[in-house]
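K.L.:
If you look up TrEMBL, you'll see 27-32, D51, 59-62, K75, 98-99, 120-125 marked as ATP binding site. Feature annotation from TrEMBL assigns Zn(2+) binding site to C161, C164, C434, C437. According to TrEMBL, the feature compositional bias 'Polar residues' maps to 222-242, 545-565. As annotated by TrEMBL, compositional bias 'Acidic residues' applies to 566-575, 603-616. Residues or ranges marked as domain 'THIF-type NAD/FAD binding fold' in TrEMBL: 12-434. Feature annotation from TrEMBL assigns region 'Disordered' to 202-242, 545-616.
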Amino acid sequence: MISSAVPSVLKDNVRELIPTAKILVVGAGGIGCEVLKNLALSGFSDIEIIDLDTIDVSNLNRQFLFRKEHVGKSKAEVAKESILNYNPDISIKAYHDSITSQEYGVNFFKRFSVVLNALDNRAARNHVNRMCLAADVPLIESGTAGYSGQVQFIKKGVTQCYECQPKPPQKSFPGCTIRNTPSEPVHCIVWAKHLFNQLFGEDDPDQDVSPDTADPEAAGSVANNLHQSTDAGNVQRTSTRQWAQQTDYSDVKLFNKFFNDDINYLLSMENLWKSRKPPEPITWEAATACEGEKKEISDDVASDMEVWPMYLCAEIFSSTIGTLKKELVNKEFLIWDKDDKVALNFVTACANIRAHIFSIAKKSRWDIKSIAGNIIPAIATTNAMIAGLVVLIAFRVLAEDYEECQSIYLRQKSVHSNIILAPDFFIDKANPNCYVCAEQPYVSVYVNVEEMTVKEFESEVLKKTLNMIAPDVILDGKGVFVISSEEGETEINNDKKLSALGIVDGSILKADDFLQNYNLTIGITNYIAEKDEPLFKIDAKSEELQPNQQNGRQNGSTDKSAQQENDMEVDDDKNDVEFIAPPVDDDDPQEGTSTKKRKLNPPEDEDEDLIMLDDP
């Protein structure tokens, strides 16, 4: 046990607040472990931790709360037990669950003095950002990438939110996404590079390509191939390299393992596919089947720009396996190089086969060469420094000394500067065009209404781009229920084009996510993409229907004088925009304005099993 005490250097008011403050830590990974340790040693006595992940062997080198015997167990639960070893006198509650689950609504967040984000993916960060805005609870966001890191304070009406500024494409990815649930071409490319290293490169447990599971005994034929039991009944793991050597690098056996057996094992993890399209495994025989004339790969520029058909990917997988096996003779390992044509061909073939399995767009060799290599390692020291800054800022947040809670950036020392910790000079104010924290969030969507289906609009625009979890969408002025978060309620609309439901150029959609307590007005503009242009565009800078800023208040302000500007109504006969205060339902558990309140809290005499919908 290590002694814990409130730091004596803090002001008296902060020292009094720390023991009674209730803290939520979201994520128990690299940063989360460090944050929990810092909280436990700084006098915080009421902590809750939530994480859906389980402990993998690759976590052990930097997530110090976990040991080898913890592999396969809940990160949140093990972190709780480890922290109690530091300080058994504190109250700590663990949730092995997803923070996006509907059980953790606005009232859940309102219970906390401050929320500390230690997440590894943007979708969950966006969700926690919206929940903290809705609950009016301070949020401290943090993240690391290699030797760089950042800490950002977010408070409704005081600072910008996490989504106020556009984010560059994510360059590092959670291991579970790479191994279990890829959704973008880059996920498949990273997986293929990991596979190269597992078969031919330097062994790295962080680059395991097998399904990420905590229970090897639950596996089917794949797990039986990769695990052997000792006489004592213990499970011994056989590395991918060892298994490949035992098969003499058989191209057929390797192909069927990685692209058929492993995929079938993933399908047995049913919870992964409740809200995702499940993958479709492929065998060597199916992949090599070809109708029509076959073609050979060449090294010219034109071939680089082509996307290989599946049979060609399989053939290149086979030929590169043989070549790389020969290169490995008398060598300890090979080093992947994007300029090595054999290595690049192997990664291109594997990435495209995996992309095909998960219904992801395949890429040319040229594209894959330009994307490959963006793997940023997790550095334990970086995590520790950022976690320390998180708790230091938490002290200031508890004292409501918000003007001193500037964002802080950790960067590598360079020849141009000796500064490694660079704080902003002032806190960043909210973006008036933010489609999340503005008083009346509005966004323009440019889309081909004659081509895009309702299902595509929901998955690609609302969920993947606008980061909604369970949206309900109504065509404003028509009363047409376009999308419902209730399963099966609007399934009949999924394959219809937007125009078939009356969504045309100039239409207004009212989108509502009850879970996030988030309402968004969407203006539709018909848009036909030219060659090489995106299928749709998002613009949050439109002046139409934007929040009234004449009184100079910041976005999200809770000033009572603003209550008359909380809701928006559009008169079809006029171009004016009028703001009208919404009714407040004090009995609603989420205290939202969502139309879903009618379904979650129906009158006692209402028949819950009968829902009438107009079929347009």
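Using N, Cα and C of the backbone, Cβ positions are placed for all residues, glycine too.
Just so you know, TrEMBL annotations are computer predictions that nobody has curated.
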K.L.:
For the domain 'THIF-type NAD/FAD binding fold' (12-434), what's the model's average pLDDT?
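P.N.:
In the predicted model, the domain 'THIF-type NAD/FAD binding fold' (12-434) has a mean pLDDT of 86.
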K.L.:
Near A124 (ATP binding site), which residues of its chain come within a Cβ-Cβ distance under 8 Å, counting only those 6 or more away in sequence?
P.N.:
V26, S98, I99, T100
K.L.:
From the Cα of C161 (Zn(2+) binding site) across to the Cα of G30 (ATP binding site), what is the distance in angstrom?
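P.N.:
Cα to Cα, G30 (ATP binding site) and C161 (Zn(2+) binding site) are separated by 24 Å.
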K.L.:
If one measures from the C-alpha of C161 (Zn(2+) binding site) to the C-alpha of N121 (ATP binding site), what distance in angstrom results, rounded to a whole number?
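P.N.:
Distance between the two Cα atoms comes out at 16 Å.
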K.L.:
Tell me which residues of the chain lie with their Cβ under 8 angstroms from that of C164 (Zn(2+) binding site), as long as they are six or more apart in sequence?
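P.N.:
Looking at Cβ-Cβ distances below 8 Å from C164 (Zn(2+) binding site), excluding near sequence neighbours, one finds D428, A430, N431, C434, V436, C437.
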K.L.:
For D51 (ATP binding site), which residues in the same chain are close in space, meaning a Cβ under 8 Å from its Cβ, but six or more apart along the sequence?
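P.N.:
Looking at Cβ-Cβ distances below 8 Å from D51 (ATP binding site), excluding near sequence neighbours, one finds V26, G27, A28, G29, G32, S74, K75, A76, A79, Y95, H96.
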K.L.:
Given the binding-site residues G27, G30, which one's Cβ is surrounded by the fewest other Cβ atoms within 10 Å?
P.N.:
G30
K.L.:
I'd like the number of other C-beta atoms within 10 A of the C-beta of S98 (ATP binding site), please.
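P.N.:
Taking every protein chain into account, the count is 16.
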K.L.:
Give the number of CB atoms, excluding that of N121 (ATP binding site) itself, located within 10 Å of its CB.
P.N.:
14
K.L.:
Given the binding-site residues C161, C434, C437, which one's Cβ is surrounded by the fewest other Cβ atoms within 10 Å?
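P.N.:
Least crowded of the binding-site residues C161, C434, C437, by Cβ count within 10 Å, is C434.
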